[in-house]
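*Asks:* Residues or ranges marked as Fe(2+) binding site by TrEMBL: H82, H84, E88, H127. Per TrEMBL, the feature Ni(2+) binding site maps to H82, H84, E88, H127.
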Amino acid sequence: MRAYLFQDEGDQRMPNDSGIPITEAQLAAAKVISSHSDGDLYEFADELMTKYGFKSRDEVSVSRVKLGERYNSMVQKFFEEHLHEDEEIRLIMDGRGYFDLRSVDDKWIRILVEKGDLIILPAGIYHRFTTASDDYIHAMRLFRENPKWIALPRSTETDNIDARQGYRKSITS
């Protein structure tokens, strides 16, 4: 998994690489967990379910071909800065995309995810997502419990919810 500081240069689906790499230690400081498997991804998912105590999973594809006219609006929605009250756990089954997340010092970190990559974003972290320029990603979503899949946009109000406050406390302790 490749991570670097994001440099906004227009098209959100392009790398927009600032040339400044982000280390595993910097991702760990933001409480982001990542892993990769080159093996059977369904077996890897089974191992993850046991290791992390996930209770359910599903699969989702985001593709210009499958979504047609809805694709642009859906990708724009995913790219709005937000947080969730639950972890966001994705195992990339095929395709490519970018997770952008806020670093401990509130700068954008861009993480390229590709087939075999696992990313776990903690509850309360501000982030956004986009497909890469090939407009396709297929991911498995893993859940500990029934997810609260409400994207809460960044705001003063959202800054004060329990998930955000718990996340802030976890990165400053």
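Just so you know, glycine gets a Cβ as well, placed from its N, Cα and C.
Nobody curates TrEMBL annotations by hand; they come from automatic prediction.
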*Asks:* Let me know how many other Cβ atoms fall within 10 Å of the Cβ of H84 (Fe(2+) binding site).
*Replies:* 19
*Asks:* Please list residues from the chain of H82 (Fe(2+) binding site) whose Cβ is under 8 angstroms from its Cβ, counting only those at least six apart in sequence.
*Replies:* Y126, H127, R128, A151, L152, P153, R154
*Asks:* Which residues in the same chain, at least 6 apart in sequence, have a Cβ under 8 Å from the Cβ of E88 (Fe(2+) binding site)?
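*Replies:* In sequence order, the residues whose Cβ lies under 8 Å from that of E88 (Fe(2+) binding site) (at least 6 apart) are I119, I120, L121, H127.
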*Asks:* Inside 8 A of the center formed by the CB atoms of H82, H84, E88, H127, which other residues of the chain have their CB, for the recorded Fe(2+) site?
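*Replies:* Apart from the listed residues, the neighbours are L83, L121, I125, Y126, R128, A151.
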*Asks:* Let me check the 10 A CB neighbour count of H127 (Fe(2+) binding site). How many other CB atoms are there?
*Replies:* 24
